[in-house]
Amino acid sequence: MQITLSNTLANDAWGKNAILSFDSNKAMIHLKNNGKTDRTLVQQAARKLRGQGIKEVELVGEKWDLEFCWAFYQGFYTAKQDYAIEFPHLDDEPQDELLARIECGDFVRGIINEPAQSLTPVKLVERAAEFILNQADIYNEKSAVSFKIISGEELEQQGYHGIWTVGKGSANLPAMLQLDFNPTQDSNAPVLACLVGKGITFDSGGYSIKPSDGMSTMRTDMGGAALLTGALGFAIARGLNQRVKLYLCCAENLVSNNAFKLGDIITYKNGVSAEVLNTDAEGRLVLADGLIEADNQNPGFIIDCATLTGAAKSAVGNDYHSVLSMDDELVKNLFQSAQAENEPFWRLPFEDFHRSQINSSFADIANIGSVPVGAGASTATAFLSYFVKNYKQNWLHIDCSATYRKSGSDLWSVGATGIGVQTLANLMLSRSLK
């Protein structure tokens with residue numbers, strides 16, 4: 001079916017304020033002559049077309065630009081990927097941008113949607129490294145990428161006790177990816193950014209076990225790792241020329257005779273001890289290892305990204321990623337990038353007093369809040385702050401609840417969204433110019 005864009009109103013026969021009308025083998029999307037609104041209308045129209053069972057379309061006419069093509073792709077995408085879009089010819093620069101967005105978006109959405117039976121922690125880090133290597137090979141040089149994978153008991157032996165503790169209960173070994181994208185080829189080059197992603201490939205909740213309904217989508221608990229990998233790959237496609245390091249902290253959180261238990265205490269490389277009071281608050285336990293490693297690189301800034309708390313999702317739903325940081329300038333830069341890329345982020349509070357709300361009688365801190373009515377997203381961030389020495393500057397925590405939708409909407413199908421890839425790539429590139 002051919003799809004065209006029009007600035008005229010649809011005939012009343014198609015309904016009041018209809019955004020779609022049909023003529024023979026053609027569909028027409030009716031715009032409102034408002035940039036952001038029109039992009040939304042195009043995405044909504046794409047969802048409607050997929051909902052009608054249409055799988056193959058051709059976008060025709062002169063009005064299709066980069067942003068309209070991208071909006072249509074986002075709405076037309078489904079997890080089964082049983083569709084085909086023939087895009088119009090664009091000029092070289094927007095054409096390359098569109099293809100890079102689709103390439104990185106497909107990677108992120110595809111890997112988040114993948115079942116845990118095939119995407120184990122080791123497979124996740126291998127796939128992430130392969131993707132970045134491929135991006136570097138296309139847009140820079142393959143030799144710009146070096147990496148190592150630490151898995152199984154090696155994690156414990158090398159002091160990555162958070163990842164090891166969470167993942168030791170599964171037959172699928174926990175793993176950590178340490179990847180260095182260094183286009184300068186200079187081993188002494190400064191690090192622009194360190195990216196730290198949570199990669200829990202399945203989260204049963206452990207002994208603090210989730211109900212079935214809450215567990216049904218927990219193959220997606222590696223959304224933070226996928227998002228940061230996609231963002232780095234997209235930044236490379238856009239010409240990133242400074243050094244960035246990627247740390248993915250990956251495990252399965254299962255119940256077994258080897259699984260960690262409530263009351264266990266983890267002592268991290270930086271000397272901080274943490275008592276486990278809820279095994280379903282495991283994401284912060286694995287991220288701590290990555291943050292310590294990232295902080296030791298003395299980067300320009302650190303971003304960690306995780307599907308971390310139900311509290312953030314309760315606050316902003318699946319429609320926004322939550323941002324928590326004490327660095328107002330870095331937050332400002334992030335929101336400038338988000339606005340430029342038309343992606344939704346929302347700031348939640350993080351203050352020093354939150355750090356006193358995770359007390360433990362047996363360790364330095366606990367992995368859940370210790371006050372009767374706590375701000376769950378904020379106290380989770382407070383936990384992470386104990387693993388960043390100068391936590392008030394150059395560190396962003398993103399609780400990425402918009403990575404996945406359990407139910408569809410008028411904009412998105414069920415499954416992963418890819419929201420955030422462009423914003424985080426934009427932030428890296430804009431900060432690299434300063």
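Residue numbering: from 1, along the chain as shown.
Cβ atoms here come from the backbone N, Cα and C positions, even for glycine.
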For the Mn(2+) 2 site that Swiss-Prot gives with LYS198, ASP203, ASP221, which of GLU130, GLU282, GLU293 also belongs there?
GLU282
For ARG284 (active site), list the number of other Cβ atoms lying within 10 Å of its Cβ atom.
29
Please list, in sequence order, the residues in the chain of ASP203 (Mn(2+) 2 binding site) that are at least six apart in sequence and whose C-beta is under 8 Å away from its C-beta.
LYS210, MET215, MET218, ASP221, GLU252, ASN253, ASP280, GLU282
In terms of DSSP three-state secondary structure, what is the assignment for ARG284 (active site)?
helix
Could you name the residues, excluding ASP203, ASP280, GLU282, of the same chain that surround the Mn(2+) 1 site, i.e. Cβ within 8 Å of the Cβ centre of those residues, in sequence order?
VAL166, ILE200, SER204, GLY205, GLY206, SER208, LYS210, MET218, ASP221, ASN253, THR279, ALA281, GLY283
For a quick check of understanding: among the binding-site residues ASP221, ASP280, GLU282, which residue's Cβ has the most other Cβ atoms within 10 Å?
GLU282
